[in-house]
């Protein structure tokens, strides 16, 4: 490619002369300057604001569900409204919070800094991806305003094509559009990691955070189009009457489940792989050491991504699919435990006999490990053919995937927020309050979701808004836990904005961390690096021992 | 640009080329899902495919010829060629694309006359979804090639549009046997 405006990474003499040392936040204060920015750091902030809004919206759905389930009788919501509440909770949290959360905020902000580049490979495409995301979000909000949709986030046919009363096409259009945003982000990251690394930044000198985003991007690029096709086929059936899934029109209802889970199982790894990348950085930093078994941790990300494409059938054990297919899917699902365990053991080995600093970000990271391991082990129960028949479609499944997605991914997201907040804003937050919110999160989360394992095992189906009176004590515990959890999520929304004005100023490297992003000022200048660094050291080498050498201008 | 990085092997592709290949890989996955569904529907159905093999074969020939012209256009847009030499093959390829769509329209009309309409046969329904989605992609391709014929494009732009065109052609090369030829 010729040197065009899409490539601000070239360290030419002209770029050197024009280097502006002011932080990226000072590059413009008008709304227009933010909405037209192509700076990866500013786009990350745009994403941060948008996904925080969607997180709040999804949380409203969760609150409604938990309040309704506090009593056995349907007294707060009608069956219809309840269906719409949990559907909106699922759609918003999966596609508008979890999938974009860590990649689009922290990946966007950090990948160029970590690999020693001045921006992503396609800065304008990055901004476009945000606008597509916002457009998709508007579709979803319009769906909500018009009365919502009652299919569950899975859009299962024939419910979604024949029986659903809500605005299925509009909701599907929102998810379809959000998919394009995902694809563009994944594409941008892959190209950036391939072509924009600083001299000497070889693949095995990349932070694990970058490796996990690379694996995530592969999933985004290859799995999302299959979801797009599934949604196109729903539109063909519901909009044009061409039978694809409806048996009366010659369709095959199971086909939808195959296509949907071919995307949506990898989507779980889209949510959790970046979280694993974050946790690796947290542990290495606060153990004060290089990651134990670096190459194994790096390859484990790719292994999880690759296996992720081969396990979708474990969502369909009771669907009537071939028993032999189920056996293979069950076996492959067990295999996912291997690279996942490789990561957990390597984190443990990194911490073993280290001089650990128990900061708030590390506590988030340790909470991640605890909750992720618990969610992962119950995943093995669900991957077992016989046990799954008992637990299928109960709150056991709900508890399992919330341990991974909320206990895992959201906790890691908050860990990333607390770790890189000083880099992004240049300010430190009150440590004691942050530690309090981790404690509330850990207790509140377990109180919310552990009872759901028990309920599910006792036979409480998911998606029911009434239940026998003897289940009430577990449901009440769960609802109480959700209150604590809400408080744990609200607290950072108070002290982090507070720190913007009153927080102590952070230096370039308040944690003594090792990545390239900590070698530039906080907040970083618009073009990141005055001189593109030449990397001569291995990943996780402390700054003091790493020999810093700059390329000649 | 590539000289600056070169941190390891595999960094020789330009960002634009790499991005385009990744985009095409998403398209492969999307059409791949559809081909999988078509294969399943085909397996669950007896009797030969009901569609007109002759028109399908004609359209295959038309698209393969258009890809040849696109390859010629990419060749002629190189630095050793004179300005505007890529225009004629680009126009030719776009015209063949339009011819494909015309044949397809005639074929749809004949299908409808024969009673091959969306109905209780999943295979027929998927035929309509697949050929319509392919036609949408082809229409975008025609607009791209026609647009390039009007301006004086960079060689890399012609190459990018050419890659897309070959991809759309390749999708048809898979759809044609899957929909028309596989015996019952």
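The backbone N, Cα and C atoms fix where each Cβ goes, and this holds for glycine too.
Noted in TrEMBL for the protein shown:
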DOMAIN    B:1-184  domain 'Heme-copper oxidase subunit III family profile'
TRANSMEM  B:20-43  transmembrane segment
TRANSMEM  B:55-74  transmembrane segment
TRANSMEM  B:86-106  transmembrane segment
TRANSMEM  B:126-151  transmembrane segment
TRANSMEM  B:163-182  transmembrane segment
Average model confidence [pLDDT] within the domain 'Heme-copper oxidase subunit III family profile' (B:1-184): 89
Cβ contacts under 8 Å made by the transmembrane segment (B:126-151) with residues that lie 6+ beyond its boundaries: 27, 31, 34-35, 37-38, 41, 51, 70, 73, 86-87, 90-91, 93-94, 97-98, 100-101, 104, 118, 157-158, 161, 164-165, 168, 171-172, 175, 179
Closest-packing stretch to the transmembrane segment (B:20-43), where packing means Cβ pairs under 8 Å, from B:55-74, B:86-106, B:163-182: B:163-182
